[in-house]
Amino acid sequence: MLIADLHIHSSYSRATAKTLNPENLWLAAQRKGIGLLGTGDFTHPVWLQELEQKLVETGDGAYELNPESARALAAEVPGPCRAPVRFLLSGEISTIYKRHGVTRKVHSLILAPDFAAARRINARLDRLGNITSDGRPILGLDTRDLLELCLDEAPEVIFIPAHIWTPWFSLFGSKSGFDALEECFDDLSGHIHALETGLSSDPAMNWRLSALDRYKLVSNSDAHSPAKLAREANLLTCEPTYPALAHALSSPGGEGLAGTLEFFPHEGKYHLDGHRKCGVRLEPSETRELGGLCPVCGKPLTVGVLSRVEDLADRPEGYLPPNAPNFESIVPLNEVVGEVMQRGPATKGVTQAVEQLLAEVGPELFILRQAPLEELERVGGPVLSEAVRRMRAGEVVLEGGFDGEFGVVKLFTPQEREQLKGQGSLWREAPSTRRQLKKKALTKPEPAPPLLSLAESTGDRLNPEQQQAVAHRGAPLIVRAGPGAGKTRVLVARAAGLVEEGAAPGRVLMITFTRKAAEEMAGRLAGEHPAAALVKVSTFHALGREILAQALGRELVILGETERAALIKELAARFELRPSWAELTLTRLKQQVHPEPEAEIAPLWQAYESALAERGALDLDDLVRRAALALEESADLAHTWGARFDHVLVDEYQDSNQAQVSLLKFLLAGGASLAAIGDPDQAIYGFRGASREGFLRFAQDFPGAMGIGLTRNYRNGEAILQAAQGLLASDPDPGRLSLSAQAGPGVKPVWAELTSPKAEAAWVAAKIVELTGGLDSRQVERGDAGELAPRDIAVLYRLHAQAAPLAQALAQAGIPFQVAGQEPLAETDPLDFKAQRVSLMSMHAAKGLEFAAVFVVGVEEGLLPYQPPNGEPADLGEERRLLYVAMTRAGQSLFLSRAKARSLFGVGGPRAASPLLGDIPTGALRTERVVSRRRARQIDLFA
């Protein structure tokens with residue numbers, strides 16, 4: 001019986017072991033018991049070149065390690081494991097594209113018949129996308145067209161849809177796949193003969209779909225390290241040649257493919273449904289009962305493989321087709337031994353025990369499948385023998401994986417482990433050794449305590465200041481809340497409290513500045529109180545649009561941003577004005593109900609207003625201003641809206657402008673209460689007409705107002721908060737709050753100086769890799785590798801012009817990222833900030849967001865404070881507040897950096913550090929000395 005693992009990766013793929021080279025693959029294959037192994041990543045030019053140098057043809061489409069290398073390495077293979085290993089050229093390609101109006105993300109496993117065919121395929125792919133920066137390239141190409149390309153260059157190609165049930169990146173995935181193979185491959189469907197079932201499903205699950213009966217079901221490891229080879233594999237009865245494999249996978253009968261070796265599908269990380277963030281794991285029936293929504297947060301669950309199979313299945317569970325190939329479910333040997341020894345599978349003791357088994361019994365798959373139990377008992381003791389017996393019999397305890405979390409397979413219950421203690425084993429540690437290890441562990445430094453969110457720190461309870469803000473009734477209320485003080489929670493609790501006291505939900509209005517924030521508030525209200533879901537949550541723009549539509553008796557036409565910019569550019573050219581200045585000035589004017597354009601801009605203002613009138617359109621900035629005008633001009637309309645609400649709550653009040661305050665006064669005219677919350681130290685939109693002084697003027701605008709301060713910060717560690725607050729010391733404000741960090745001391749922000757923007761970007765990318773723990777195995781072994789998800793990280797800059805080198809560096813490092821291009825005050829917000837990507841955005845766009853780790857780049861003269869090229873003086877106070885906002889987005893880790901030289905707007909030269917750094921207390925930052933490193937091999941060697 002020939003064991004084949006056809007889908008693996010090389011060291012040129014992202015997040016793979018550096019030891020994935022032909023020599024180590026040859027060694028690992030023998031230790032596992034693999035006779036036919038895919039090379040992985042033949043699409044990467046450097047890896048393909050290495051394969052050509054180190055492999056020799058056997059004359060039948062297969063390859064073997066060159067004899068010189070094989071002889072040099074032979075001694076490293078345990079005697080009972082030595083056996084021939086053949087290689088086939090294989091690779092995986094990710095395609096992301098739109099079909100039938102839906103974004104599709106599909107991975108495909110491709111086997112090439114020889115090096116010449118691989119080079120032809122690569123030459124075509126290289127013209128379509130970047131195949132040099134990742135061993136598994138990502139292409140914007142329809143999967144059907146990819147198949148056609150491969151067939152054109154190599155008609156004998158073996159093309160297998162990979163891990164077909166994975167929610168993301170697969171043929172049938174619940175997130176971006178198809179319901180039928182023919183929907184994906186159309187007229188070329190007949191060229192697909194085999195399907196890779198993936199770790200989270202086994203053949204029995206796939207047998208439930210009659211549509212899959214004509215396809216051979218194969219299983220492979222998709223290994224990212226030599227140790228993971230053959231965690232799934234194929235059992236072949238054919239010769240280890242390319243033609244024989246192609247025949248085995250395409251012949252209609254069972255000839256050539258005897259079966260597969262499988263994960264227990266429950267162990268796969270997408271077997272069940274769930275929501276990892278909320279700790280929710282569900283069976284398909286439970287998901288259906290919940291309507292596919294998480295019972296904790298209300299957001300859509302990640303629908304796993306079992307649910308997806310049930311959705312498409314037309315046969316009952318347990319269906320067994322006639323002449324079904326055999327399959328065996330296995331557990332990796334180091335996990336079996338680890339459970340027997342009650343130690344981690346990668347620990348030294350387990351590794352030594354596995355080595356002993358390989359040396360005395362044979363390769364791993366032989367031990368797991370065929371070795372006599374008596375032999376295993378002789379070498380490893382009765383507990384090992386019993387563990388393997390149970391695995392072979394399927395007598396295991398299963399806990400299904402979900403939403404990216406691997407499941408758990410156990411061979412013994414805790415009670416059984418106690419009963420089995422004391423039975424003989426060659427691997428039991430001496431008591432003195434265990435005591436020594438324990439003592440050593442006690443001296444290991446304790447990890448820093450995790451930062452607590454507001455919900456974690458207070459649960460459902462509000463602190464006294466928050467309670468006061470929620471309970472206040474009567475006079476207008478202004479709440480000054482520092483960053484991380486729970487202002488959104490206060491507003492939501494206040495609205496829910498009003499409803500509980502009997503207020504009609506429809507007569508409670510909550511106003512914020514972005515649609516995303518409004519949606520978040522609406523969701524949180526629904527979770528606070530059932531009736532509170534009926535509270536009206538709106539943005540100022542949406543409210544203005546509603547008022548204007550009622551005043552005009554028709555739907556409004558809003559000029560799109562692109563069309564608006566083009567119109568202003570055209571008019572600015574007519575009056576010989578700079579388009580950017582003209583656009584900004586028009587925006588500022590429209591923040592007032594009765595703007596008074598200065599002489600320089602007045603002709604453009606009149607021309608722009610006339611052009612809008614001719615189109616029967618408004619721009620976004622008109623909505624609030626014209627709504628206030630309509631209320632001012634119509635007593636009936638003003639009476640209607642003045643009587644519409646009994647309670648009005650306003651978020652981010654420091655961002656309000658004169659037109660919005662005027663609109664508020666009309667809404668309160670009928671006696672409605674007002675509660676506003678914000679932070680004048682986070683007022684950063686002066687260029688759009690918002691004014692910090694507007695917050696401080698609240699008592700004049702709404703006489704008799706009462707003020708409350710929220711001083712407890714639940715987001716930032718003390719070290720971050722102390723550094724950020726130091727910025728504000730040179731901008732005196734008698735009403736400024738003294739904030740208290742509730743999340744513990746935290747770690748000091750890091751300060752780094754790099755030679756150039758390119759070097760700065762490379763440093764940021766390297767730090768993100770450390771934070772995510774994705775590529776540095778040495779950090780994992782030391783126990784200090786990061787565990788952040790990409791979405792927990794943001795990179796902030798003053799100008800969008802800084803984004804290009806950052807995006808390039810992150811792409812080359814294999815870090816998923818998204819670039820935000822709009823400010824948060826725009827009515828539409830295109831970003832989903834919960835996506836699994838690092839966010840690259842301006843400091844302005846980051847307002848209102850929070851991340852575990854934040855990088856603030858370009859902290860240098862000319863950028864912070866920003867000096868426009870036209871020589872217009874910077875608003876030093878607002879620039880200081882902008883850096884304060886950027887720094888306080890960080891919960892756990894904050895990194896500040898600058899480039900010693902930078903070219904901006906065509907002018908290059910050296911740049912000093914930002915003068916604002918002088919306001920940060922001495923010793924508040926930890927300076928990191930950056931050492932130049934040799935570039936990683938995989939970073940675009942062909943640039």
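Just so you know, glycine gets a Cβ as well, placed from its N, Cα and C.
Per TrEMBL, the features are as follows:
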BINDING   ALA481, GLY482, PRO483, GLY484, ALA485, GLY486, LYS487, THR488  ATP binding site
DOMAIN    460-717  domain 'UvrD-like helicase ATP-binding'
DOMAIN    718-943  domain 'UvrD-like helicase C-terminal'
REGION    420-467  region 'Disordered'
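Sitting within 8 Å of the Cβ centre of ALA481, GLY482, PRO483, GLY484, ALA485, GLY486, LYS487, THR488, and not among those site residues for ATP, are the Cβ atoms of ASP679, LEU710, ASN713, TYR714, ARG715. Counting only same-chain residues at least 6 apart in sequence, those with a Cβ under 8 Å from the Cβ of GLY482 (ATP binding site) are ASP679, ASP681, LEU710, THR711, ASN713, LEU737, LEU739. Within the same chain, residues at least six positions away from THR488 (ATP binding site) with a Cβ under 8 Å of its Cβ are ALA517, GLU520, MET521, ARG524, ASP651. Over all protein chains present, the Cβ of ALA485 (ATP binding site) has 28 other Cβ atoms lying within 10 Å. Listed in sequence order, ASP679, GLN682, ASN713, ARG715, ASN716, ALA724, LEU739, VAL885, THR888 are the same-chain residues at least 6 apart in sequence whose CB falls under 8 Å from the CB of PRO483 (ATP binding site).
There are 25 other CB atoms within 10 A of the CB of GLY484 (ATP binding site), with all protein chains counted.
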